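To keep things clear, I will list the structure first and then write my remarks on it.
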């Protein structure tokens, strides 16, 4: 009987078995003892978790249920299991042992855990409604009575427009401005929608007035007319170098009928020595950026502005946004102080200032107060545009051309890169469907990254190239020339969305490129007659008239509604059709659709919505129903291929990280009125990193330094060449004392650190390089 009682005592449940653990906890602080007791109690209440040991130990040493286990003074911590793939808890530790010190990478799925759009059903029904094609609002006038000769232009100039420039009729804004500027000498404010011909609207009256002065002088004094040394009569100011170049090209085309009138440019990025030589020879019309003109007015004695009678401020709102208010005020003050009565007959007694802007914002009104006096507001006649009366509220509004077809796509942040690729694949699938397209992104680093992604070569292509490198070298050079490959690295074949029947050339443009590279790239894109794409920042969003642009893609939304309207204004110009697509993310960004609708006179009835899944199906799956099954696999395979490409090369990986960080900084610079729709706190940084081909956690994405501006690079170069103060150089060019080299290096390092610190306080605004 006693033995039976002992057996019953040993068969008592586990609570009595683990009781001795309470008495065995000794040593340490009271916090350690308390935590050890809690762990022991937790293990007692959850006996199943005791089986988390390896399978090998369980099979070799079966546990004895009658054995009493006594824990040590400190209980052993349980291993944290982070197993997303279901392959066991030992896999993460094995990966860490294989790659010691490397940041942990995570390969997530493209089509899992993506947020859904908020208003999917309502917008889909609205997009399904049929809308009639709108009548173009910025096309040349059809009425035969509205010719250039009837507006007051001379017969030679009108004939030159018709025969050489193939401009048959004026637009509505050209009709209103030419009539006003030729009739009166008062200041004027020209306001018109994008793509309506504002450049010709103020250039034609200027050229006509100077031609009239020259003709009158020739009649009075035989054999003499206006020459390049007669004086500077007109100055045109533009915010960007590209716009100045374009204005100069248009002006040069107009002056072919009056070769005695000479025009020139002074812009940033060019050699001041060459500009001073042109100014010494003499110019009649000068196109300039505000900063460079202010510099020449201060330092160049050959620049005589005493005869300037016309001053044009093109894109006035952009001039103020880029911070040229101080320079403009100084230029106007110097022009007023240096103005003198002219000896040439026919020149007006006072200066006429013309301000051109698409909007009447507060900054434009402030610029008008600085430069204009009793100005006349010139707008296109509503009857000339669409025959409908304009409401009072719409007088000052900046509208989109009616023939422009705007659409938007709600795309999750993880799917942005593959969706853009699929859309471009579908766009250039057939030859001749789209000739030219522009992709707008937020910052220069993002331009460089996407350019490398879209022009990279696949593995199969690289193998074929290595095999036939020697035999087909000449053929490859011919193909590069056909596609316009550039020695500057800004033009390359777009392998991501090209096909054998329709090759596409990709161009990149941003403000960090040298000026001659920017000019060459923009000229190559404009002259290219083959399908081509330009990926750029807002440096190409204002005033540029690029021919045959059929499509504008806003991959990153603009920083303001006005910038958005200027971006999409690169297409649908002078009555031509055009399309525009903007990428928005699910959530708060969907509220931006209401702003898109405000840009249309009809309230955005023609605004359509594209589904991200439909874009991916058409780009990676095709039209056949059987092919639509594996479009997700093809999209995933393409994304993983890009990620592997970035991981294999440190330069590409650093480029992706720079683009990711610059994109986040640019995202935080939206104007205050739209910041609720572009809230940086709502961004899923991990999903966003996926769209930049990154597998690292957002907290582990670090970049050694920011992009250096051009000015900083020049300063560093000059500082390296300067000798140390107080030391003489030998004949060979070396310093007498070798100890000066570390001292100079320390000075340069301190200067670089100071510049980096200043850039951090400036919130990274310098890397956008818009001007």
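Glycine too: its Cβ is placed from the backbone N, Cα and C atoms.
Annotation source Swiss-Prot lists compositional bias 'Basic and acidic residues' at 23-35, 119-135, 712-723. Residues or ranges marked as region 'Disordered' by Swiss-Prot: 23-139, 458-485, 703-771. Residues or ranges marked as compositional bias 'Polar residues' by Swiss-Prot: 53-69. For 90-105, the entry in Swiss-Prot reads compositional bias 'Low complexity'. Residues annotated as motif 'Q motif' in Swiss-Prot: 146-175. The domain 'Helicase ATP-binding' annotation in Swiss-Prot covers 179-378. Here Swiss-Prot flags 192, 193, 194, 195, 196, 197, 198, 199 as ATP binding site, drawing on sequence analysis. The annotation motif 'DEAD box' is assigned in Swiss-Prot to 314-317. Positions annotated as domain 'Helicase C-terminal' by Swiss-Prot: 403-615. According to Swiss-Prot, the compositional bias 'Acidic residues' annotation covers 460-476.
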Protein Cβ atoms within 10 Å of residue 199 (ATP binding site), excluding its own: 22
Other CB atoms, at most 10 A from the CB of residue 198 (ATP binding site): 23
Neighbourhood of residue 196 (ATP binding site), C-beta criterion under 8 angstroms, separation at least six: 137, 138, 171, 172, 173, 174, 380, 574
Cβ neighbour count within 10 Å of residue 197 (ATP binding site): 22
Model confidence over the motif 'DEAD box' (314-317), averaged pLDDT: 90
The motif 'DEAD box' (314-317): DSSP-derived helix, strand, coil residue counts: 2 helix, 0 strand, 2 coil
Residues of the parent chain within Cβ reach of the motif 'Q motif' (146-175), under 8 Å, 6 or more residues beyond its termini: 138-140, 182-183, 190, 192, 196-198, 200-201, 204, 207-208, 211-212, 253-254, 256-258, 378-381, 384-385, 574
Least buried by Cβ count (within 10 Å) of the binding-site residues 192, 193, 195: 193
Number of Cβ atoms other than its own within 10 Å, given for residue 194 (ATP binding site): 24
Residue counts (helix, strand, coil, in that order) that DSSP gives for the motif 'Q motif' (146-175): 17 helix, 0 strand, 13 coil
Other same-chain residues whose Cβ falls within 8 Å of the Cβ centroid of 192, 193, 194, 195, 196, 197, 198, 199, the recorded ATP site, in sequence order: 138, 171, 173, 201, 358, 569, 573
